[in-house]
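The structure appears below as structure tokens.
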């Protein structure tokens, strides 16, 4: 089960990231501005992703989670392939909205299934393994997108990105079983699941949960914004160096960028998720504060790494530094997700993660790429296209510092609130 769900999550990130490596070819083909690129990679996707995640997750707390995940994978994969037919910004926007609806039903039910399958002392590690799908899927999207675009163009590359999800979605739909059988695990036969409104009121009344959710959103503001424009950044400021590297390895500059971002991002992100999960399992059992202090340190160090990545004069060094940034911005996943699940209680795991995803998308995914794109467009007339983009990205990194601060604030109340939640359920 864990392997299949992790693969599905990897395809989630593949379909989400591939548009970033293809940003410049899409921009030239459709005649887009940077803010429109930001809207396609962030706002358009996040709009319905945010709105749909809550009702889907609440339904998942009551219904067959495996079936929901399978349908979700099929949906976002089909819309990813349909993106290849877009001939205007509006058409591309509509297809990205469809991708967002599909992906809204992927992660929360998957994480809920995993949480029910593994005992508490192994959950952070299991969730960290699931999180490996993110860097690996993103890497495949970046590498595959960069390599294929030079051979078959961005449109057929999008078609190729959608095909694997159709296969995996069908496998999940027809082979994976939800052992819960419609009841909350651990609840009695007459246990009632609270309504969506009641669950939302309960979750948002917990200060620690809200702090963790917004901390993750601000970190995503940095991650999604930086990655939305990383390919464009390298092409605009390091094209000569990339051409030299490409001549040595037989690749176009975009292929070199995809290889660099994919390999270094996957390596750093995978190690970060695993290390964060192990640290969460080791220290979280004796100190609940560790579940948020680990992400706090990761957010600050990851933000510093991003600043170095976008300021060093060498593209090769910059790509290598990305591995460090990916490592530190991935350590939060296991301990941070476990903290939110424990704050939610047994009957609202998927809903809690959907609320976090809603906040994450509304703040991070929606506005990270969009505002960095706006900043780039505003600064380009005075600084030039390349330096304007660099400045726009660096301005947006302030979100990472704020993320670390919110995680630290959450550490001051997490012990008390988890004790209240788990004490009330006994």
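Including glycine, each Cβ sits where the backbone N, Cα and C put it.
Residues or ranges marked as domain 'Major facilitator superfamily (MFS) profile' in TrEMBL: 1-414.
Per TrEMBL, the feature transmembrane segment maps to 35-56 (among others).
Look at TrEMBL and you will find 126-148 (among others) tagged as transmembrane segment.
For the transmembrane segment (154-176), the residues of the chain that approach it from at least six positions outside its boundaries are 1, 4-5, 7-8, 11, 14-15, 18, 22, 25-26, 29, 66-67, 69-85, 141, 144-145, 148, judged by C-beta separation under 8 angstroms. The transmembrane segment annotation in TrEMBL covers 154-176 (among others).
Residues 17, 20-24, 27, 34, 37-38, 41-42, 138, 146, 242, 253-254, 257-258, 261, 292, 295-296, 299, 302-303, 306, 309-310, 315, 318-319, 322, 329, 332, 336, 339-340, 343, 355-356, 359-365, 367-369, 371-373, 376, 386, 389-390, 392-393, 396-397, 399-400, 402-404, 406-407, 409-410, 413 of the same chain lie 6 or more positions beyond the ends of the transmembrane segment (211-234) yet place their CB under 8 Å from a CB of it. If you look up TrEMBL, you'll see 211-234 (among others) marked as transmembrane segment.
The transmembrane segment feature in TrEMBL is assigned to 254-276 (among others).
Feature annotation from TrEMBL assigns transmembrane segment to 288-309 (among others).
Positions annotated as transmembrane segment by TrEMBL: 315-338 (among others).
Per TrEMBL, transmembrane segment is recorded for 350-371 (among others).
Residues or ranges marked as transmembrane segment by TrEMBL: 391-410 (among others).
Sequence-distant contacts of the transmembrane segment (350-371) (same chain, at least 6 residues past either end, Cβ-Cβ under 8 Å): 35, 37-39, 41-43, 45-47, 49-51, 53-54, 56-58, 60-61, 65, 104, 107-109, 111-112, 196, 199-200, 203-204, 209, 212-214, 216-226, 228-229, 337, 340-341, 343-344, 396, 399. Counted over residue pairs separated by six or more positions, the transmembrane segment (288-309) shares fewer than 3 Cβ pairs under 8 angstroms with the transmembrane segment (126-148), which leaves the two as not touching.
Cβ atoms under 8 Å from those of the transmembrane segment (254-276) belong to residues 21, 24-25, 128-129, 131-132, 134-136, 138-147, 149-150, 227, 230-231, 234-235, 242, 245-246, 294-295, 298, 315-316, 319-320, 322-335 of the same chain, restricted to positions at least 6 beyond its ends.
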